[in-house]
């Protein structure tokens, strides 16, 4: 990455969540536990979907990618946060900071597209059930995922390359636990009006494109569900959508507010960033496992199989 020609600093200081040493230790233990639970929850979700033939459907195909994205997003932000909570020197080079900002932006952007693809999948399943297998083919599902990754990457690349041309002269303290593009703008001594406009426009395009698809899908879904005369049928249809709606609400609100309003005060910046990059990756596996009978059954079978293999290994050792 080529930075501005007149930058006089080579690194930033990430203030993190607290300056009190005792509080930092407590926060380290708290976020380490969250991180480990997030890794375990998303890995179990991915393994259950990959190994259980009952879950080889478009809905769970998208869900496995959502779990992978959550795994990537939290791994981009939390380890650096944990390192800074225990470190006296909370510095990060400009290049590393921009790299982290790029990955956060691209992964979060990709996740919005995947969530909108999941909404389209639910629309097709409920509103056009007879055509579902024909419409949601493996080719379409794979194409939607690749397009999601491509658009998320492209959007992040444009904004990050523009940030590489900014000059950073004196201010180098970031009141945050990670590097994100909005936080860098306030530290630059360059004119950031173009960068700000491109960031807001890309966020709005992201929001309008994906949210419109989600809104259209669920408008038709709700209309179809209300026309179902059977109470059990309505309940089943609502249950297949409730998990996805919860995930959308958790992620979209905090992520878009973070990038559409880069001039927020530091406490709100931290709250929104923690919401979409730390809390949501932890909550998503819980939402989909607790509300989905098929996922719960698959996880139960996987755990039983693992315990059985463990018992067989122990028995073999004793017999040997």
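Residue 1 is the first one shown; counting continues down the chain.
In case you wondered, yes, glycine gets a Cβ from its N, Cα and C as well.
TrEMBL lists 41-288 with the feature domain 'G-protein coupled receptors family 1 profile'.
Annotation source TrEMBL lists transmembrane segment at 25-47 (among others).
Per TrEMBL, the feature transmembrane segment maps to 59-78 (among others). Below 8 angstroms of C-beta separation, residues 31, 34-35, 38-39, 42-43, 45-46, 49-50, 100, 103-104, 107-108, 110-111, 114-115, 117-118, 121-122, 125, 141, 144-145, 148, 177-178, 240, 247, 273, 276-278, 280-282, 284-285, 288, 295 of the same chain, each at least six residues beyond the ends of the transmembrane segment (59-78), sit close to that stretch.
As annotated by TrEMBL, transmembrane segment applies to 98-120 (among others). The list of residues near the transmembrane segment (98-120) in space but at least 6 beyond its ends in sequence, with Cβ under 8 angstroms from a Cβ of it, reads 1, 59, 62-63, 65-66, 69-70, 72-73, 76-77, 80, 92, 141, 144-145, 147-149, 151-153, 155-157, 159-160, 163-164, 178-181, 184, 206-207, 209-211, 213-214, 217-218, 244, 247-248, 251-252, 255, 259, 276-277.
What TrEMBL records for 140-158 (among others) is transmembrane segment.
Per TrEMBL, transmembrane segment is recorded for 196-216 (among others). Long-range contacts of the transmembrane segment (196-216) within its own chain (CB-CB distance under 8 A, at least 6 residues past either end) are made by residues 109, 112-113, 115-116, 119-120, 123, 155, 158-159, 162, 181-182, 185, 248, 252, 256, 259-260, 262.
TrEMBL lists 237-258 (among others) with the feature transmembrane segment.
For the transmembrane segment (270-290), the list of distant contacts is 17, 31, 34, 37-38, 41-42, 44-45, 63, 66-67, 70-71, 73-74, 76-78, 104, 108, 176-178, 180, 243, 246-247, 250-251, 253-255, 257-258, 264, 296, 299: same-chain residues at least six beyond its ends, Cβ to Cβ under 8 Å. If you look up TrEMBL, you'll see 270-290 (among others) marked as transmembrane segment.
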